[in-house]
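Q: For 10-18, 29-35, Gly60, 116-119, the entry in Swiss-Prot reads GTP binding site, with the evidence type experimental evidence. Feature annotation from Swiss-Prot assigns S-geranylgeranyl cysteine to Cys181. Taken from Swiss-Prot, the feature cysteine methyl ester applies to Cys181, supported by experimental evidence. For 32-40, the entry in Swiss-Prot reads motif 'Effector region', with the evidence type a curator's inference.
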Amino acid sequence: MREYKLVVLGSGGVGKSALTVQFVQGIFVEKYDPTIEDSYRKQVEVDCQQCMLEILDTAGTEQFTAMRDLYMKNGQGFALVYSITAQSTFNDLQDLREQILRVKDTEDVPMILVGNKCDLEDERVVGKEQGQNLARQWCNCAFLESSAKSKINVNEIFYDLVRQINRKTPVEKKKPKKKSCLLL
């Protein structure tokens, strides 16, 4: 079974832990202590293939920056999350993406831009078009709006990253060994 190392990044309070826990455990937790770093494992089936996802739920971008290079180096796919209710969380993502590309030393990094808390439409300050435009600027990066609370597009975030990783590094099908018979 193939393993995937996925990293959830973004400013504090955007709902990184809520999205991760909703995906892994199927529950929405209203109150959290700020995350330092949590790791979760979940086996899923994506496109008829069993996958083991290791998801790293990280601290907000403004905290524990020393650890960030390490999990960027080890991660295979990245969810960059902002809250549609806070413009500053959206603005923070450009630097975060640039740091990922610098650490990975490539532009071709499986990544998805996630506008979280789309259930709070009446508190929206970041328009959907802003997210779509930023994703286009980022070499047509994948983009979704989500809600951990309302279970909107939660699974899709992680499944999309798995598909991107598979496109970048396809699973090699094991060829059956040819059996040979030697007659003496």
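Placed from the backbone N, Cα and C atoms, the Cβ positions cover glycine too.
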Q: Could you check what DSSP calls Gly10 (GTP binding site) once collapsed to helix, strand or coil?
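A: The residue in question, Gly10 (GTP binding site), is strand (DSSP, three-state).
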Q: For Gly10, Gly13, listed as binding-site residues, tell me which one has the smallest number of other Cβ atoms within 10 Å.
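A: Comparing Cβ neighbours within 10 Å for the binding-site residues Gly10, Gly13, Gly13 has the fewest.
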Q: Return the count of C-beta atoms lying within 10 angstroms of the C-beta of Lys16 (GTP binding site), excluding that atom itself.
A: 28
Q: For Tyr32 (GTP binding site), which residues of its chain lie six or more apart in sequence with Cβ-Cβ distance below 8 Å?
A: Ser17, Ala18
Q: In the structure shown, with every protein chain counted, which of the binding-site residues Val29, Lys117 has the densest set of Cβ atoms within 10 angstroms of its Cβ?
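A: Answer returned by the neighbour count: Lys117.
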Q: Averaged across the motif 'Effector region' (32-40), what pLDDT does the model get? Just tell me the whole number, please.
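A: Average per-residue pLDDT within the motif 'Effector region' (32-40): 76.
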